[in-house]
Amino acid sequence: YVAAVYEHESILSPAPAALVERRSALELMGRNLDIYEQQVQAAARQGAQIIVFPEDGIHGFNFTRSSIYPYLDFIPHSHSGKWNPCREPYLFNDTEVVQRLSCMALRNKIFLVANLGSKQPCERWDPRCPSDGRYQFNTDVALAADGTLLATYRKHNLYFELAFDTPPEPDHAFFDTPFAGKFGMFTCFDILFFEPAVSLIRRYDLKQIVYPTAWMNQLPLLSAVEFQQAFATAFNVNILAANIHHPTLGMTGSGIYTPVKSFIYHNMESYGGKLIVAEIPVITADYKTNSESNEIFRENSHDSCRTSMSTSLGDEVCFKEQEEIPGRVPEKGKEQSPPSFYAEMMYDNFTFVPVWGEKGELQVCANTLCCYLNYRRAVLTDELYALGVFDGLHTVHGTYYVQTCALVKCGGLSFSTCGQEVTDATALIDFQLWGNMSTPYIFPLLLTSGITLDFADHMGWKNNHYFLSKNRTSSGLLTAAIYGRWYEKD
């Protein structure tokens, strides 16, 4: 099917904390919707059957609870599939934004997913009802090609969004299409948590995801395109990810991802939006998700052969007995092993060992997690790389438990620069990276110079270790990591 995502540079309110009338809120949002309209037409002309817009794209951000109120539409939450806002604008008050979106979908005969703020009155007897008598939600809407409202999703994992409420229960939102079956829907920070992202995919066996986001890039492990691709690979899904474009805030990175190929946009230099249109295969439900096959593979680890996604759909990779993955790095005599050191990466205290010389075998451990690396460099460059491990609770900008083995390029030549944000590298490295992960939820990260993506040659479980291997990255290596989320320990 043909999909489109639009990375939007939103027109922002100059004073988001100021209280304004509904009329001036609509005027500002109308300017963003005018751009949406042009992009929907452009996507439809290129044959797109569905288009996704980013989180906060219509109203912007940095509001207070009261200052965002004039920007909120009323969206009936349980009304999905029975209301056409474009054709029945009179059914509810304060629906101007969703009406415009519905009419765009209808006029261009395209499925449309967008994010907006919504409001819902609540009763005084509701113990969760805020004191102002209303809920305010960060909401995604999915509209059919005839303008019908198909599904709504209210963001569950808010990222310091004081203007919005968390819904009482996580929404499991999905909608059906004639061209690719069911699409699941969640927003931004949700991608890092079990509810609703993972549980939605597993419960409904979903293979296509729409994903509005307003993501601030954080290298070396949580750049938008890097993690979006890792998620598609981990769960064997297609993801249509639309990010906001505000380079001064570190926000860029959108794409259309399959488990083995991506069409991405990451641009920190220039301004303006970007439309991505790509044709991708429909993934059918007989593909096992990576985490399920990981679990199955753990049970069948005596089988020496396991199929894994290779560089193109349908290729099978078979690991024969002689490709046994060593469970331990042989001891070479203590005097040769490089010193371990600590450095902060992503606000976590990683234990590192330097990656010296043109080839070698390394091991580094923390808590229950041990990470191993076999590597060979094509040419020795004057760049410092390090192998890092972290097994613990991440507590800055959100609380969640992470197990990570990461090969990263350091910011300079001293140990203290390891873990810094780096965007360019020249070293081409063949590597095999593995770790005794305790969670089946593993996101394989492979990021190369200029924030471009690469794909592992092999990955999967073997002897209770998850591994990632690559012969010669396409350009200089920035990050190769096994990023595990241990949801139960959050």
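Placement of Cβ uses the backbone N, Cα and C atoms for every residue, glycine included.
Given the structure is predicted, the values throughout are model-derived calculations rather than measurements.
As given in TrEMBL:
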{"type": "ACT_SITE", "residues": "E55", "note": "active site, proton acceptor"}
{"type": "ACT_SITE", "residues": "K155", "note": "active site, proton donor"}
{"type": "ACT_SITE", "residues": "C188", "note": "active site, nucleophile"}
{"type": "DOMAIN", "residues": "15-282", "note": "domain 'CN hydrolase'"}
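Between the C-alpha atoms of E55 (active site, proton acceptor) and K155 (active site, proton donor), the distance comes to 10 Å. Each residue contributes its Cα atom, and for K155 (active site, proton donor) and C188 (active site, nucleophile) these two points are 8 Å apart. When other Cβ atoms within 10 Å of the Cβ of the residue listed as 'active site, proton donor' are tallied across all protein chains shown, the result is 26. Cβ neighbours within 10 Å of the residue listed as 'active site, nucleophile', excluding its own Cβ and spanning all shown chains: 26. A 10 Å cutoff on Cβ-Cβ distances gives E55 (active site, proton acceptor) a total of 27 other Cβ atoms nearby, all chains included.
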